[in-house]
Amino acid sequence: MLNRKWSFVFLTFLLVISVNANDDVFEDEDEASESGVEKDEFVPSNFVAPKLADTSKPNFFDYFPVGSKIGQTWIKSLAKKDDVDSEIAKYNGEWSIGAPTKVSIEGDYGLIVKTKARHHAIAAKLETPFVFGSNKFIAQYDVKFEEGQECGGGYLKLLSEGAEKDLASFQDKTPYTIMFGPDKCGASGQVHLIFRYKNPVNGTVSEYHAKQPASIGTAYWDDHNTHLFTLVVKPTGEYSVSVDGKSLYYGNMLSDISPSLTPPKEIFDETDLKPEDWDEREQIEDETASKPDDWDENEPQNVVDESATKPYDWNEEENELIPDPEAQKPQDWDEDMDGSWEAPLIDNPACKGLSGCGTWKPPTIKNPKYRGKWVRPKIANPAYKGKWSPRLIDNPNYFEPKPFDGLAPISAVGIELWTMSENILFDNILITSSEQDASEIAKQTFYIKQQEEYRLAAATGSSNGIFQQIVDATNEKPWLWAVYILCILLPLIAIGVFCFGKGSKPAPNFAKKSDTYSPDDDRVPNLVDDQEEEIIAEDEEDNQPGPSGTQNQPPIDEDEQDEVEQQPSSSKTASSESSSAAEEEDNDHVVHENEPVQPTEEVAKKSPRVTGGAKRRTARRGD
């Protein structure tokens, strides 16, 4: 039967083999598909147009049905960006309405960015403007970065009232009320939420950014799948941003946006000026101080060490660096343009192992007389009045914000972005006040599309492996790395402690049942030291034979005597016959019944060889 700990190790080994076997199976499947054994052919499902209840009246909803064209609902911008070169000022990015490159649902179309490295702008008028009042505001859409994303956005601009009058003039300066959606450049991304809020006192409109999570990774852009972005803003100012139905971040307009929506009650008076006699210096130079007479400012900081001597192995005849003898002038070297060619310098091999080469110079050391430039010490300024600041006055533009009061009505939805990637597909754009409608649209569109994309990836072998999924999860939630490390280290530590943490138990010491010599006796260490031998000798003197001619031995236990007497005679005869030869050799060491027992020291002197077993027997008798 296997030891329990080795059984545990064996089971772990089997688990590793099984994982590798699964990997081999996947590889075999890939090889089989390459060798001609085809997987089940993927057949796209048919698109079913989403439907809302008759009572539902969203402000805007477009799922881009077959037959939709640019210029009908969606108007491409003809404007130019301000303050940029004319070559890149135009919004000349191309748009189309069509199917994605990899079709998972037949007949499911979307609005597609067809070009990269260009400015794109397009907008559509809402069926009914959204006015911020007692109802929630909900914006929802899905977007797919088919080519990934190097640098660019995928966000919506919810345009303020008035923009719908001229959608062809839509550009980056067009006023918007809310900007919402993903944006990425480089190795980091974010999901924007920006409010433009109007101060009711002075009429100024300012941008306020929702606080972002520390990191959301790049999976939304790099996995080439469709993702659903949902924004909910309540009249209380509470907002939540979700991706694929899962909360990404949330907060409140009154406390979690930057800068604060609530202006300060007091501000500095810009007309207040600092008095001319206001002294802000905490310390000043002591004008009464003078330089000490022994202060020499001309002493250098370092001086030559006069006590230094040249090392005995210093070679002044060799240079520390020499031209590389193996270097060759490049073939394209032009002496007229590049000057005279010189071989690069390398360390002189003749100086290897020496203290140095070339002209020897004594090293420098810190000058003990150096004191530097003298400056007057600082003292407290008797005229110090503290740090001056303008006086505070009541803020004339202060107001107590109510979240929805400063948000302008929304009349159009636009997409205005610069991107370095093409084939960005927007779909199922919804503006409403009903969370139920948003949930229903997501069920009828995104979740079906998500499952079909997974099915397509599985059928074509383009799905991400388990390792990539783990990495993608850590991009979204970096703290998962700590969980992964613990999940790996803790079992390894447990296995190590379980298998190797305990020492082996020492073998039990079994007492011999007879003094018969055995081959291992010579390898047993002498257990009697010099002091114990003296004690043994004294005990043996006390145990010399008495008048009766016998040694004063301790009484024999009655049970042992009976055990000896009960041994079969045949056993004794066989034992005596088998040991007759040994008795002849050990005759000198046997104490006969009628002979007095000699002291151990005398026996040792007469015996030509005292074995380890004999020493132990002597020690036991002495005890």
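For all residues, glycine too, the Cβ spot is worked out from N, Cα and C.
Annotation comment: Swiss-Prot describes 260-337, 536-623 as region 'Disordered'. Annotation comment: Swiss-Prot describes 267-400 as region 'P domain (Extended arm)', evidence class similarity to another entry. Taken from Swiss-Prot, the feature region '4 X approximate repeats' applies to 269-336, 339-396, supported by sequence analysis. What Swiss-Prot records for 286-298 is repeat '1-2'. Under the heading repeat '2-2', Swiss-Prot lists 358-368, citing sequence analysis as support. What Swiss-Prot records for 480-500 is transmembrane segment.
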Exercise. How do the residues of the repeat '2-2' (358-368) split into helix, strand and coil according to DSSP?
Worked result: 0 helix, 3 strand, 8 coil
Problem set entry | Segment-level pLDDT (mean, integer) for the repeat '2-2' (358-368) | 94
Seminar exercise, completed: DSSP composition of the region 'Disordered' (260-337), residue counts helix/strand/coil, works out to 3 helix, 13 strand, 62 coil
